[in-house]
Amino acid sequence: MILELDCGNSFIKWRVISVDGAQRLFAGVVDSDAALFESLAAAPELRVSRCRLVSVRSDAETEQLVTRLRESLGVDAICAQSASQVGGVRNGYEDFRRLGLDRWLAVLGAYHLGQRACLVVDLGTAVTADFISADGMHQGGFICPGLPLMRDQLSTHTRRIRYDRQVALAALQELEPGRSTAEAVERGCVLMLRGFVAEQLLQAQARFPEGFEVFLTGGDAGLVQDVVPGAQVVPDLVFVGLAIACPLN
Ligand SMILES: Nc1ncnc2c1ncn2[C@@H]1O[C@H](COP(=O)(O)OP(=O)(O)O)[C@@H](O)[C@H]1O
Ligand SMILES: CC(C)(COP(=O)(O)O)[C@@H](O)C(=O)NCCC(=O)O
Ligand SMILES: [K+]
């Protein structure tokens, strides 16, 4: 079994696939290393022989996780590294090492699945958009705060924006103008995300007149899905790229 990990700024997405990659055996989302090892311990008949991961966390945090994986599962995790080119895809950053590794893998995954020009939007702690031309050139992208950062900034920097999490979830049942603080903030922030995605779509239309594929991923992809009716929502997009960047044979 192969253990795959996508360590974002807020959550670790993990999954266990069969060695031939054909089956997804276990999967989960956890908010800490400790919770990851609890989940793995609870997976019945787990036999991990290989492990690969991508992390946008600090080197120290990533090394700590790799050490713990070695101690508890006996596997040496392979970590995705920056590259100026993988297969037919070229990194468009001035310094390719600066492009977030999750973005790079999502770009690799999208181009592999789409086989033509692509727009990739990843909605997590931050929201990122990346453009790839039909011939595999990553053209750069945009970064803005994601939903959790937007709402946290509002509550941190105001005196009277306060509401609890349960109310927040209920507020997102619809997007009419809010009649409470929770509704006004939650819906306002979701509209920011949707507006951002709509703008990326316009940019892609101008950039790729011959046509393009749109990929949405990240924990909040569902909130913007209907802004781009033809979009493919691929929660595992980073893992698709991880398999390309870190082949195990
Ligand atoms: N089951 C879930 N677990 C965690 N976050 C979720 C879930 N479903 C939706 N979300 C949303 O996804 C966001 C995190 O997305 P994610 O792509 O995991 O972020 P990151 O890669 O930055 O850690 C959360 O802030 C939350 O709004
Ligand atoms: C932009 C990000 C913070 C997104 O992280 P995430 O929301 O997935 O946790 C991450 O890709 C990152 O740290 N990038 C480095 C900066 C850059 O891509 O230019
Ligand atoms: K992201």
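Note that Cβ sites are derived from N, Cα and C of the backbone, with glycine treated the same way.
Where the annotation comes from TrEMBL, it is an automatic prediction and has not been curated.
As the structure is a computational prediction, the values presented were derived from the model and not from experiment.
Features reported for this protein in TrEMBL:
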type     : residues                                 : note
ACT_SITE : D102                                     : active site, proton acceptor
BINDING  : D6, C7, G8, N9, S10, F11, I12, K13, T125 : ATP binding site
BINDING  : Y93, G100, L101, D102, R103, T181        : substrate binding site
BINDING  : D122                                     : K(+) binding site
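Annotated features, which come from TrEMBL, shown on the structure.
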{"residue": "D6", "record": "ATP binding site", "CB count, 10 Å": "27"}
{"residue": "G8", "record": "ATP binding site", "CB count, 10 Å": "22"}
{"residue": "S10", "record": "ATP binding site", "CB count, 10 Å": "14"}
{"residue": "I12", "record": "ATP binding site", "CB count, 10 Å": "21"}
{"residue": "Y93", "record": "substrate binding site", "CB count, 10 Å": "16"}
{"residue": "G100", "record": "substrate binding site", "CB count, 10 Å": "20"}
{"residue": "D102", "record": "active site, proton acceptor", "CB count, 10 Å": "27"}
{"residue": "D122", "record": "K(+) binding site", "CB count, 10 Å": "30"}
{"residue": "T125", "record": "ATP binding site", "CB count, 10 Å": "18"}
{"residue": "T181", "record": "substrate binding site", "CB count, 10 Å": "18"}
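Under the three-state DSSP scheme, S10 (ATP binding site) falls in the coil class. Across the residues the record lists as binding substrate (Y93, G100, L101, D102, R103, T181), the two Cα atoms farthest apart are 40 Å from each other. Proximity to ligand 1 at the level of Cβ atoms, with a cut-off under 6 angstroms, picks out S10 from the binding-site residues D6, S10, Y93, D122. Within the set of recorded positions I12, D102, R103, D102, R103 have a CB atom less than 6 Å from some atom of ligand 2. Long-range Cβ contacts of L101 (substrate binding site) within its own chain (separation 6+, distance under 8 Å): V54, S55, V56, A80, Q81, S82. Each of V56, G124 belongs to the same chain as D6, C7, G8, N9, S10, F11, I12, K13, T125, is absent from that list, and has a C-beta within 8 angstroms of the C-beta centroid marking the ATP site.
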